[in-house]
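Chemist: What follows is a structure written as C-alpha cells; I'll ask about it next.
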Amino acid sequence: MAKAPMRVAVTGAAGQIGYSLLFRIANGDLLGKDQPVILQLLEIADEKAQKALKGVIMEIDDCAFPLLAGVTAHSDPMTAFKDADVALLVGARPRGPGMERKDLLEANAQIFTVQGKALDAVASRNVKVLVVGNPANTNAYIAMKSAPNLPAKNFTAMLRLDHNRALSQIAAKISKPVTSIEKLTVWGNHSPTMYPDYRFATADGKSVKEAINDEVWNKDVFLPTVGKRGAAIIDARGVSSAASAANAAIDHVRDWVLGTNGKWVTMGIPSDGSYGIPKDTIFGFPVTVENGEYKIVQGLEIDAFSQERINLTLKELLEEREGVKHLLG
C-alpha cells in the first residue's frame, strides 16, 4: 500500500540553496524512494521573490516527479508550516557589506523568532527541523526557544557540510574512498571555530590518525582547510556554496529519518549536558540515529588539544547566545 505523503516545508525556497535542494527532495533523495512528498515553499512577501518562487515551481512541475504529491507557494510561515513533518529553514539574512556580526545576529533573531512561533503553532508535533541559514546553531537555538510546545530535540542545526568537507579532505589525504571512513565528527559551531576530529576515525577498520600520523598537517592544513572552506568557495566562485550545502541538508535529514545503521554522523543538536556542553546549547556532536531518534556517542576521550578546541567553539556559541538573549523575552 502506498505511503501517505509527508509534508516538507522549505524557507528561502527561491534562493540558491533552495534551487539545489527542491528537485532532489521531490526526487525522493530526502525521505526515500517510496515516500511521496508535498512541498510547502516559503519566500519573503516581496513581489520579486514570490515571482521567482513561481518560476521554480513551474520547473518542479515540468519534472513530473512521480513522488511529488503537491507543491504550494507561501509568504506566511503560518500557512507554509501547517502540519509540516520536516522543516528546512534555509532562508536567513546574509551578512551585508560593513555589517557587524551583532547586527547579523539581531536581524536573524527576528526571522527565527517568527518562524519558531509559527512552527510551535501549526507544525506536526513530531516535526523535524533543520536550520541551514547562518548563523545556523544560534538560529536553531532561537527557533527552539520560540517554540516551547515542541520538544527541544526536534530542532537541529546543520554541521553535515563541515562533516562532509572533513570526510573528503581525509579521504584525499589517505587515498581511500569516502565510503571506507567511519567515526569522524565535527564538534561545536558551524563557523571557523568548529573542531573536525578524526582521532577515533577508521578507514577500512584501521586508525585514520595512525595512517596520517602528522599533527602538523592536522593543525596547519586540515583544521584551517575545513574551517575556512566556505570562504575559499566564495573566493573561487564569487558566490557561497549552495549545491554542497543542499547536499548536506539532504544527508542530515535522510539520516535523521531513515537512520544511520550504527554509523556516526555529525548533527548540531540541543546538548543534554554531554561532554560538559551546557544543556540546550545547539552544538555539533557525533551521533547515531535509530527509529528517527538521534543519540550522542558517549564515552569518547577528550585530550587536552581537543578540549581547548571545544572550549573555543563553545565560547563563541555562548557569546552568540548572549547577544540574542534580550530578544527572547
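Heads up, the Cβ atoms here are built off N, Cα and C, so glycines get one too.
Feature table excerpt (Swiss-Prot):
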ACT_SITE  His190  active site, proton acceptor
BINDING   Gly12, Ala13, Ala14, Gly15, Gln16, Ile17, Gly18, Asn108, Gln115, Val132, Gly133, Asn134  NAD(+) binding site
BINDING   Arg95, Arg101, Asn134, Arg165  substrate binding site
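How buried are the listed features, and what sits near them?
Modeler: Take the CB of His190 (active site, proton acceptor) and look out to 10 A: across all protein chains shown you find 29 other CB atoms.
DSSP assigns Asn134 (substrate binding site) to coil, not to a helix or a strand. All chains included, 21 other C-beta atoms sit within 10 angstroms of the C-beta of Asn134 (substrate binding site).
For the recorded site, Arg101 (substrate binding site), the DSSP three-state label reads helix. Annotation for Arg101 (substrate binding site): same-chain Cβ neighbours under 8 Å, separated by at least 6 residues, are Arg95.
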Chemist: Rank the binding-site residues Gln16, Gln115 by the number of other Cβ atoms within 10 Å of each Cβ, and give the residue at the low end.
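Modeler: Selected from the binding-site residues Gln16, Gln115 on minimum Cβ neighbours within 10 Å: Gln16.
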Chemist: 10 Å Cβ neighbour count around Arg95 (substrate binding site)?
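Modeler: Neighbour count, Cβ to Cβ under the 10 Å cut-off: 15.
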Chemist: Say you check the Cα of Gly18 (NAD(+) binding site) against those of the recorded positions Asn134, Arg165, His190; which is nearest?
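Modeler: Checked the recorded positions Asn134, Arg165, His190; minimum Cα distance to Gly18 (NAD(+) binding site) goes to Asn134.
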Chemist: Please tell me which one of the recorded positions listed here (Ala14, Gln16, Gln115, His190) sits closest to Asn134 (substrate binding site), measuring Cα to Cα?
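Modeler: Smallest Cα separation from Asn134 (substrate binding site) among Ala14, Gln16, Gln115, His190: His190.
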